[in-house]
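A short worksheet on the structure shown next.
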Amino acid sequence: MTTRDDWLNGALWLIGGIILDFAIQILGVGASQGLAMVFGQPANGLLATVLLILIVLAMTYGIATLLIYAVRLKSPNLRLHPIKWDRLKYVFLGYVGIVVGIMLVNFVRVLLTGDVDVATNQQVLQDTFNQGPYGIVFVGVLAIIVAPIVEELIFRGIVMNYFFKNKGWWWNIILSAGLFGYFHVYAAFNPFDFLQYALMGGILAYIYKKTHQLQYAMLAHALNNTLSFLP
C-alpha cells in the first residue's frame, strides 16, 4: 500500500472516528432523555441517568471495536499488554508535563492579556456538570472513560499509524498534537486554548511513541481527566 493510500484511508478513518465520537455524546443524551420521558420520568432523573450510562458505554464499546480494527490494519500488535513499570513511569511523567505545560501557557496568557479565560470546550463541560446528577454523570463518563479510549484511538492510534509513520520521529507527533488541539477548540478558536490542548496531545503522542503501546497514552489521558474532574 502506498503512502497516498495510507493517507486517504487514514483521513477517512479520522473523519469517521470524529463523527462517531460526537455521535456518542449527541445520541447518548438524546436517547437516554427521550426514553426516560417515554416512561414518564424526568429528562434528568434517575432513569435517564442510568440509561445514559448504559447507552454511552455500549456505543463506546462498539465504536472502540471499530477503531481498534482500523488501527490494527497498520499496527497488528494493538491490544492490552501486561503493565510494565518502566513504561508506566511515562504516564506519571506525562501528567506532570501536561500540568506544568498548561501552567506555563496560562502564565504567558496572563502576561499578554491580563486574564485567564476558561476554554469554551471546558466551559461547556462545567455548565453541564452544574446541571445536577445527570450532568455530573455525563461529564464524568465522557471525561474518564469515553475520551481516553476513543480520542486516543483516533488521534494517536489512527493518526500516528496512517500518517508519517516512517517519516521522522516527530512528524506524526506534531500532527497528532495539532489535530487534537484543534478538535477541542474548533467551536471558538483561541490560540492559548489551542496551545493547551495541543501540548496535551503532543505529550500523549510522545508517550505512545516511547512505549509503543496505546494503553499508556490512554492511562495518562484518563489520569489527567480524572484529576481535573475531581472537585
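Counting starts with 1 at the first residue shown.
A Cβ is built for glycine as well, from the same backbone N, Cα and C atoms used for every other residue.
Automatic, uncurated: that is what TrEMBL annotation is.
Annotated in TrEMBL:
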- 136-226: domain 'CAAX prenyl protease 2/Lysostaphin resistance protein A-like' (DOMAIN)
- 12-39: transmembrane segment (TRANSMEM)
- 45-69: transmembrane segment (TRANSMEM)
- 90-112: transmembrane segment (TRANSMEM)
- 132-150: transmembrane segment (TRANSMEM)
- 170-188: transmembrane segment (TRANSMEM)
- 194-209: transmembrane segment (TRANSMEM)
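Long-range contacts of the transmembrane segment (90-112) within the same chain, counting only residues at least 6 positions beyond its ends with a Cβ under 8 Å from a Cβ of the stretch, are 192, 195-196, 199-200, 203-204, 206-207, 210-211, 216, 219-220, 223-224, 227. Taken as a whole, the domain 'CAAX prenyl protease 2/Lysostaphin resistance protein A-like' (136-226) shows an average pLDDT of 95 in this prediction.
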